[in-house]
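Please read the structure below before turning to the comments.
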Amino acid sequence: MSAARYAVFGQPIAHSQSPHIHAAFARAQGIALDYRAIEASPQEFAAALEAFAAEGGVGANVTLPHKEAAFALCATTTSRAHRAGAVNTLLRKGDGWHGDNTDGIGLVRDLTGRHGLDLRGRRVLLLGAGGAARGIAPALLDAGILELVVANRSPARADALVDAMAEPGRAISAYWEDLREQGDFELVINATSAGRDKDAAFQLPLSLVNSLTTAVDLNYGGAAIAFLAWARAAGCRNSFDGLGMLVEQAAESFRLWHGVRPDTDAVYAELRERASTLVTAD
Ligand code: ATR
């Protein structure tokens with residue numbers, strides 16, 4: 001019997017680590033897997049996904065720039081995907097796609113499991129309100145944080161994200177220029193794509209940081225350098241890139257497809273060793 005077919009869709013997709021990560025999980029679990037990377041432009045995405053299903057594709061990951069488009073194409077979604085308005089995991093059910101979003105639970109698992117943080121009762125600052133920010137906001141609220149403050153360069157997008165969370169008082173937006181007035185946070189998350197610019201630098205108020213603050217960049221490799229440099233200079237207690245989240249979101253997708261959650265430590269250690277060469281892509 002030939003292996004079940006899976007894929008990751010994105011543009012660009014050449015740097016995606018997902019085929020490598022899923023192949024490693026499958027090997028460790030003794031599962032035969034055919035998982036490939038498929039490049040598709042926004043115009044091509046819907047047709048490419050249909051062609052994949054017609055050829056026997058049963059599951060897919062979706063990355064930039066297709067997460068919102070994938071959500072719109074789903075026949076059914078999980079409630080966390082619905083709140084995010086974005087999908088990173090697809091499962092074929094009958095004639096349609098069922099969509100989930102494992103980015104947020106991936107981040108929470110990395111922070112609580114790998115790094116031993118307790119998120120309950122914490123004030124969290126989320127920088128950015130694009131697809132990446134929307135993917136993680138529901139899971140942070142579900143993890144029991146006290147308050148989620150969302151700041152974005154264009155304020156209307158922060159307001160829209162906060163409205164979608166439907167937790168008035170617990171999820172609130174703030175103007176980027178007014179961050180100095182927001183007090184301090186135990187968790188500061190960079191979900192912007194600003195660090196992908198070669199000359200990026202973060203100038204955020206030092207007043208955001210207290211002696212417990214953890215800073216997390218959802219990016220990894222070169223795109224995480226600027227924010228993590230700010231975090232260290234500001235005196236954050238811990239600073240992490242998005243590599244752990246990358247591996248954990250993949251493990252949650254793997255569980256949805258195969259019914260078993262793979263151990264993530266070996267793949268994480270291997271990616272960590274070559275982290276400086278990786279390009280944020282998944
Ligand atoms: P992603 O899926 O990675 O979130 P996106 O939806 O294009 O990509 O969102 C990019 C995010 O990075 C947005 O929050 C964007 O802010 P705007 O909504 O104001 O565009 C943010 N961003 C990009 N470049 C930035 C910069 N130089 N400074 C601050 N925020 C930036």
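Glycine residues also receive a Cβ, built from the backbone N, Cα and C atoms like all the rest.
With helix defined as DSSP H, G or I and strand as E or B, the domain 'Shikimate dehydrogenase substrate binding N-terminal' (8-90) counts 35 helix, 20 strand, 28 coil. According to TrEMBL, the domain 'Shikimate dehydrogenase substrate binding N-terminal' annotation covers 8-90.
Over all protein chains present, the Cβ of ASN88 (shikimate binding site) has 30 other Cβ atoms lying within 10 Å. If you look up TrEMBL, you'll see SER16, GLN17, SER18, THR63, ASN88, ASP103, TYR220, GLN249 marked as shikimate binding site.
The annotation active site, proton acceptor is assigned in TrEMBL to LYS67. All chains included, 26 other C-beta atoms sit within 10 angstroms of the C-beta of LYS67 (active site, proton acceptor).
What TrEMBL lists as domain 'Quinate/shikimate 5-dehydrogenase/glutamyl-tRNA reductase' is 118-194. For the domain 'Quinate/shikimate 5-dehydrogenase/glutamyl-tRNA reductase' (118-194), the number of residues in each DSSP class (helix H, G, I; strand E, B; coil) is 31 helix, 22 strand, 24 coil.
Look at TrEMBL and you will find GLY128, ALA129, GLY130, GLY131, ALA132, LEU218, GLY242 tagged as NADP(+) binding site.
The average pLDDT computed for the domain 'SDH C-terminal' (242-272) is 97. Among the features that TrEMBL reports, domain 'SDH C-terminal' is placed at 242-272.
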Recorded positions whose CB lies under 6 angstroms from ligand 1, from LYS67, ASN88, LEU218, GLY242, GLN249:
none
Going along the chain, which residues at least six beyond the ends of the domain 'SDH C-terminal' (242-272) come within the CB cut-off of under 8 Å?
6, 17-18, 21-22, 24-26, 28-29, 31, 58-59, 61, 88-89, 91, 100, 102-103, 105-107, 109-111, 113-115, 216-220, 224, 278, 280, 282
GLY128, GLY130, GLY131, GLY242: which of these binding-site residues has the highest Cβ count within 10 Å of its own Cβ?
GLY242
Taking only C-alpha atoms and a 10 A limit, tell me which of SER16, SER18, GLY128, TYR220, GLY242 are near LYS67 (active site, proton acceptor). These are the binding-site residues.
none
For the C-alpha pair, I'd like the distance in angstrom between THR63 (shikimate binding site) and GLY128 (NADP(+) binding site), rounded off.
17
For the recorded shikimate site, enumerate neighbouring residues of the same chain (Cβ within 8 Å of the Cβ centroid of SER16, GLN17, SER18, THR63, ASN88, ASP103, TYR220, GLN249, site residues themselves excluded), in sequence order.
VAL8, ASN61, LEU246, ALA250, ALA281, ASP282
